[in-house]
Structures are given as structure tokens and as C-alpha cells.
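A.B. asks: First the structure, then my questions, so here it is.
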Amino acid sequence: MAAKPPLTLYLAAPRGFCAGVDRAIKIVEMALEKWGAPVYVRHEIVHNKFVVDGLRDKGAVFVEELEECPDDRPVIFSAHGVPKSVPAAAEARQMVYVDATCPLVSKVHIEAQRHAEAGLQMIMIGHKGHPETVGTMGQLPEGEVLLVETVEDVAQVEVRDPERLAFVTQTTLSVDDTKDIVAALQARFPAIVGPHKEDICYATTNRQEAVKEVAPKADALLVVGAPNSSNSRRLVEVGAKNGCSYAQLVQRAENIDWRALEGIQSIAITAGASAPELLVNEVIDAFRDRYEVTVELVETAVERVEFKVPRVLRTA
């Protein structure tokens, strides 16, 4: 049998689950323990098919709208956050609901409301249609929050009063792209108020920093994550921008395009914030089957963040 070719595998850290995702999954599991199945979940709890399928097997029912849920079963709101109208509708129907919105997203919601109460018009930097953007914009009446996605959008945006503006951002954006958009906003509207640093969360920032470290070392980068995961897609972009000629998103090992990887001597691997470590290990094992793998851990930060689950699930 021919000897396997050698391969250096740079494993980025931090990678995978963040504290908000961990908490959201725990909320669904604890709700199923407390109330039994079915427990309804509005929108995928986190953007990962493997996680969602696992929870579905345990009795979670995933729906897109509250109207699809019966009044007499608990409903959980996803980690991405929801517009204010959603809990209001649940209360009107006297439903039991648990909000699994990531606390770092909730912080952005509070910020947006605080600025609006101070009479400032809100601008949101985010991706149109992403559930987090929809949720944050939905903290204020329709039309009150202006969305910008690119530097080009900043030139087009029409505001009521350039002296009375504030901005917030989606938590899962590219750190570098967002800096450029913020700079464009500040150049056009010098009086604009924003957070001390962008609202991009610690986990998004850390995962992008780790990719910047591994991307130039490797012939290729694989990001384990789902196609609808904003933070995972940003990791692919960051890899491509930082010197990695082949950067690809894979949901799991079976999605690896081996032909595209022919002749590589090194690979970098990371995972989006909603991808379980199990899927990363599956990808590493697939490389071990084909190569003589030497794993090098590249760690750029250590994360110790933990979020408590809501009180309703902590009590018997």
C-alpha cells in the first residue's frame, strides 16, 4: 500500500460554539426536559443543520412564524433575536415562551432603543433579511431604522437630521469590512453616535483573528459551518482576504471537494460559532484517512465566556 502523503493541519482556535449558541441549545434541551415534547422553536435555534436535526429528534418543532405554533405549547425564540412584535403576540395569546436571544444581541437591542428614546435616528450595519438584522430593526417602529450593508450604501442613505444619528451593528459581521463602513458613516455624518467598539461580538472577532493567523500558512482553508450561517461565511471571506488561495465552507466531511485539494501540503481548519466540534473532528478524521496528518494548534485567544439560561428553566 502506498504511503500516505504528509499534511500539516493548522487547527484554528478559538473555533466552533460560542457562549450564545451553547446557551440557546441548552435552552431547547432544558425546555424539552421541563415541558416534554413538542416544544416549538421560532426559526432555527442556531444556523446549523446538524444541531437542528438533533433537537428535532428530541422533540423540538421548528417553525418560521409564531402563527404556526399552538397556544398551549411552549415556544422558544432563536439566538438571533426577534422583533418586539413577536413576544407581544405571544403574550396576547397567553403562550409560554422562552427567549433564547444571545445576550450580546439583546445588548444591541437595548442600545438601539436607548438612542431612539434620546431622539436619534438609527442606522444599522447588517445583512438585509438576516434574522438578527430583522430582530434588531424590529425593536423600533417600522421605517425607524435605516439599513446599510456596504460603504456604497452610506453615500445613498437619506436621514432626517445628520446631527441626530446613531448606529448599531449586527454581531456576526466581518470586523474589517465593518470598520470601513463605520469610517464612511463618520466621514459623512461627523455627529453620528456609536458603540465604543462595534457591536461585533467577542466570538466573531476571535474566530476571524484566528483565521487571519492560519490563512497565510496554509494551502487551503476549510470552514465547518452552514451556508446560512453569517459568521461562518465571513470566516471564508476573511481567509480569502488574508492570503489563502482556496477557502471553502463545508457543512461536514462528506462535502469536502477532494479534487480541489489535490497536491496540498497544508490545510487550515476552523468552524463557525454554530458548528459543533464533533463535525470538526469528522473533517480531521477524513484527512487522516487520506494523509499522514500532523496537527498544529494555532490559538489566538482563550474564551471563558458563559451565559446563564433564563430563570424559568433554572427553577423546578
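Heads up, the Cβ atoms here are built off N, Cα and C, so glycines get one too.
Per Swiss-Prot, the feature [4Fe-4S] cluster binding site maps to CYS18, CYS102, CYS201; the stated evidence is sequence analysis. The dimethylallyl diphosphate binding site feature in Swiss-Prot is assigned to HIS47, HIS80, HIS130, SER229, SER230, ASN231, SER274. Marked as (2E)-4-hydroxy-3-methylbut-2-enyl diphosphate binding site by Swiss-Prot on the basis of sequence analysis: HIS47, HIS80, HIS130, THR171, SER229, SER230, ASN231, SER274. For GLU132, the entry in Swiss-Prot reads active site, proton donor, with the evidence type sequence analysis.
Describe the structural context of these features.
C.D. replies: Other Cβ atoms within 10 Å of the Cβ of CYS102 ([4Fe-4S] cluster binding site), summed over all protein chains shown, number 26.
Cβ-based neighbour count (10 Å, all protein chains) for SER230 (dimethylallyl diphosphate binding site) stands at 25.
Within the same chain, residues at least six positions away from ASN231 (dimethylallyl diphosphate binding site) with a Cβ under 8 Å of its Cβ are THR172, ALA203, THR204, ARG207, GLY225, GLY272, ALA273, SER274.
A C-beta separation below 8 Å, combined with a sequence spacing of at least six in one chain, links GLU132 (active site, proton donor) to HIS80, GLY81, VAL105, GLY126, GLN170, THR171, THR172, SER230. DSSP assigns GLU132 (active site, proton donor) to a helix.
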A.B. asks: Please identify, from the binding-site residues HIS47, HIS80, HIS130, the residue with the sparsest Cβ neighbourhood, meaning fewest other Cβ atoms within 10 angstroms.
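C.D. replies: Relative to the other binding-site residues in HIS47, HIS80, HIS130, HIS130 has the fewest Cβ atoms within 10 Å.
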A.B. asks: Here the binding-site residues are CYS18, CYS201; which one has the lowest number of other Cβ atoms no more than 10 Å from its Cβ?
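C.D. replies: Sparsest of the binding-site residues CYS18, CYS201 by Cβ contacts within 10 Å: CYS201.
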A.B. asks: Using Cβ-Cβ distances, find the residues under 8 Å from SER229 (dimethylallyl diphosphate binding site) that belong to the same chain and are at least 6 apart in sequence, listing them in sequence order.
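C.D. replies: In sequence order, HIS47, ASN48, GLY272, ALA273, SER274, ALA275 meet the Cβ cut-off.
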A.B. asks: Counting across all protein chains shown, how many other Cβ atoms sit within 10 Å of the Cβ of SER274 (dimethylallyl diphosphate binding site)?
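C.D. replies: Result for SER274 (dimethylallyl diphosphate binding site): 30 neighbouring Cβ atoms inside 10 Å.
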A.B. asks: Name them in sequence order: residues not among CYS18, CYS102, CYS201 whose Cβ is within 8 Å of the mean position of the Cβ atoms defining the [4Fe-4S] cluster site.
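C.D. replies: The surrounding set, listed in chain order, is ALA19, GLY20, VAL21, ALA79, PRO103, LEU104, VAL105, THR171, THR172, TYR202, ALA203, THR204, ALA273.
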